[in-house]
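Listed features, source TrEMBL:
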type    : residues                      : note
BINDING : His81, Cys128, His131, Met136 : Cu cation binding site
DOMAIN  : 53-142                        : domain 'Blue (type 1) copper'
Amino acid sequence: MNAPLHGHALPHDPRRRLLLAAGGGLLLAAVLPRPAGADEAVEIGMSGTPSGSQVWFRPRGLLIRPGQAVRWVNRDAGNVHTSTAYHPANGRPLRMPAGAKPWNSDYLLPGQSYTVVFEAPGVYDYFCLPHEHAGMVGRIVVGDADAAPPYADTDARLPPAAAAGFPAVAAILKQGRID
């Protein structure tokens with residue numbers, strides 16, 4: 001048992017030091033900034049003009065880490081949208097890493113969202129099913145990727161506005177996101 005405190009001396013108790021050190025570490029961890037974790041989704045908005053004459057993903061180019069999630073949110077009050085991978089399972093050419101799981105959100109009403117976790121490194125191209133012909137496409141780069149234009153051999157099989165709508169991989173790698 002420790003004697004009562006008199007003056008400025010503190011009792012010597014190793015448990016107290018351990019408790020103070022642990023508490024200080026927790027406090028420090030709570031206030032220091034930390035990078036977004038794999039379980040924290042990066043958001044991509046789906047939007048359009050009130051007349052519906054223009055539609056887009058924002059950002060349309062995004063760099064993430066393997067294991068990170070992306071959440072698409074329909075912010076367009078006047079339209080439904082999808083996030084659909086370019087993949088034969090979705091009736092389109094393969095424009096994502098071979099072996100990666102394709103996705104299709106189905107139609108998202110205004111305010112609805114859809115989330116995908118990206119595990120395999122590489123370049124993933126996706127589109128909005130009802131607006132692909134209007135150029136509503138996007139590109140996600142997971143981890144490191146070759147900056148050379150990917151999937152050029154399938155560009156001719158896409159609507160012209162879609163083929164022209166993908167941001168360059170080099171720009172995504174340099175900037176992290178392209179709006």
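Yeah, the Cβs are placed from backbone N, Cα and C, and that goes for glycine too.
For the Cu cation site, the Cβ centre of His81, Cys128, His131, Met136 serves as reference, and the other residues of the chain with Cβ at most 8 Å from it are Met46, Gly48, Val55, Trp56, Phe57, Asn79, Thr82, Phe127, Leu129, Pro130, Glu132, Ala134. Within 10 Å of its Cβ, the residue among the binding-site residues Cys128, Met136 with the fewest other Cβ atoms is Met136. Listed in sequence order, the residues of the same chain lying 6 or more apart from His81 (Cu cation binding site) and placing their CB within less than 8 Å of its CB are Met46, Val55, Trp72, Asn74, Tyr107, Leu108, Cys128, Pro130, His131, Met136. If you draw a 10 Å sphere around the CB of His131 (Cu cation binding site), it holds 24 other CB atoms from the protein chains shown. Sorting the domain 'Blue (type 1) copper' (53-142) by DSSP state (H, G, I as helix; E, B as strand; all else coil) yields 9 helix, 38 strand, 43 coil.
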